[in-house]
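Heads up, the thing below is written out as structure tokens.
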């Protein structure tokens, strides 16, 4: 591909130098518009058709979809543009200055995962777009680190249906084909406070929560008995009761109690199914104490994800890398992209470096990642 792009390391440097933090704290949260425009300019310069879309319900956040080649199917290479915030006191380098030392590239987003776009652009130097028989898409999303709003919106609104997708999260170039989902909720009981000398004049929220927890533990057993997937180390959905707070003094009837819990569902269990099971489990408490129990989301939920084990994407990637696909415990945008086409999570850098001070990617990943991207484009866009 004829290119007027900067060298690989300069692409990387520019990506890292462009802050794109997403955070639930509005004081730390930033727009990714500058970074999206940077990517859109580069892909546009080398002949891609580029669309930049605002993500509804966000504060100045954008997705970018770049396409080259015509027809149906093809390959989608995807990644998120945002990073987590950084702890200034724990970094020994400037997070926004790409620093090379001891065969490592340091900077916020080097591994997770802005650098992936530099790898894609670099691999495209060897691709002749006139030889593509199917389209190549590149997706850059917003807010993966917080709400996954970018990937959700894209999966719900796009018309494209590639043959397959690869999300370039840092997996140390080990292909990942499944992970559990995550749903976290606050269960809040509103009681009636009063002096402990006369329990009849109050409603003790801790006692009601005790009832609620007993029903939740029954649900935990139900999840274990009803759902099973042997590819996971723990082959059933898990439930954790992680935080509880209620009351303020030994001599007062507790007026309010709140429990924070999570469920990690298997692939195939919908978020609506989980919501229904949770509401059904707590219904006896709600019915006995009308208006006193509420369930709310702590974080936007993420479904489980599994790429079909017999799909060509898996066999091609396993053969190229000489390694088998893996199952992981963390969550990605894969369940949303998977609604469009079979999806693998596969990229350079280690997940151990993600969200860490002095985040880095080992330069040993550069050559094999470039080769892998070229090979998958050849496999899925030339045939």
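Note that Cβ sites are derived from N, Cα and C of the backbone, with glycine treated the same way.
Annotated Zn(2+) 1 binding site per Swiss-Prot: 80, 112, 169, in sequence order, evidence recorded as sequence analysis. When Cβ atoms from all protein chains are considered, those within 10 Å of residue 112 (Zn(2+) 1 binding site) total 27, not counting its own. In the three-state DSSP assignment, the secondary structure recorded for residue 112 (Zn(2+) 1 binding site) is coil.
For 82 (among others), the entry in Swiss-Prot reads active site, with the evidence type sequence analysis. In this view, residue 82 (active site) is surrounded by 27 other Cβ atoms within 10 Å of its Cβ, with every protein chain counted. DSSP gives residue 82 (active site) a coil state; it is part of no helix or strand.
Residues or ranges marked as Zn(2+) 2 binding site in Swiss-Prot: 112, 145, 355.
The DSSP secondary structure for residue 144 (active site) is coil. Listed in sequence order, 22, 80, 82, 150, 151, 332, 333 are the same-chain residues six or more apart from residue 144 (active site) with CB atoms under 8 A from its CB. Swiss-Prot lists 144 (among others) with the feature active site, giving sequence analysis as the kind of evidence.
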Residue 355 (Zn(2+) 2 binding site) to residue 112 (Zn(2+) 1 binding site) - Cα separation in whole Å: 8
Fewest-neighbour residue among binding-site residues, criterion Cβ within 10 Å, set 145, 169: 145
Local Cβ density at residue 355 (Zn(2+) 2 binding site) - other Cβ atoms counted within 10 Å: 15
